[in-house]
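Colleague: Can you read through this structure? Questions will come right after.
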Amino acid sequence: MEQYLSLLKEILEKGQKKEDRTNTGTISYFGTQRRYDLSKGFPLVTTKKVHLKSIIFELLWFIKGDTNIKYLVDNGVNIWNEWPYETFKKSKDFNGESLADFVLKIKSDTLFAKKYGELGPVYGKQWRNFNGTDQLFDAIETIKKNPDSRRIIVSAWAANEISKMALPPCHAFFQFYVNNNKLSLQLYQRSGDTFLGVPFNIASYSILLAMVAQITNYEVGEFIHTIGDTHIYLNHLEQVEEQLSRKPLKLPKLVLNKKIKNIDDFKYEDIEIIDYESHPAIKAKVAV
């Protein structure tokens, strides 16, 4: 994953200090792009251990059109917990519960989860019901019937619903492209937390690309990752330096269940990353 390491270096070399919504502070560089050829291996960062389970379940959650964290926490995925917890803390029902207490209540109390586990009309809702349009289904059908179309786009950015979202979409929209019997996907991401979030985004959309390629009978091409505000949080600088000191290892392989022919039929056990070797995990705090 030299491309990813070069992205970290580019931000450090060209970026400027910038304040942000979380009051953490960043080094930010505007407008970056990296290309990942999936025929050369699955683009999963090897210079630190990445939590694959979270990536896969989150992607399945998007595809389901779900916007409540209960599905995630029930499956041991905790990457979205902080946002609804912050909303809960401002409610009249908050009695000093810790984040861990909040998550336990989401798991055990369906009514509580329905009320306080909701993130609003975020990714999954927009992918599958953008003002009544199932964008993901339409994109797949267009790939099958009109692969040369320049309109094979799925957008998570619904301007009229941004205020209702716990967090406006960072990975805002993506486009499919067919050429030489290969399917490629380009993602535009308005904001990229390059240490914590971007490795997830690269892997997630690469899996999605492989899924759609399989069900539309194309080979996998490239994942092209374009990011607007590409940043490293100031409290991640030590972790970034540690990661840059490590040598990348051989890329793993993605294996999908070949029997799956419909995007909605994929389950966790149908998606496997094999031969993944990595350096140890590097912990860092998410900015909320």
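Just so it is clear, glycine is given a Cβ too, placed from its N, Cα and C backbone atoms.
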Colleague: Check Swiss-Prot: it lists H51, A287 as binding (6R)-5,10-methylene-5,6,7,8-tetrahydrofolate. Then name which of D138, D193 it lists for that same site.
Modeller: D193
Colleague: Three states by DSSP: which one describes D193 (dUMP binding site)?
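Modeller: Looking at the DSSP assignment, D193 (dUMP binding site) belongs to a strand.
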Colleague: What does DSSP assign H231 (dUMP binding site), in three states?
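Modeller: The three-state answer is strand.
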Colleague: Run through R21, S191, D193, Y233 for me and report the binding-site residues whose CA is within 10 Å of the CA of C170 (active site, nucleophile), in sequence order.
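Modeller: If one measures from the Cα of C170 (active site, nucleophile), the binding-site residues that come within 10 Å are S191, D193.
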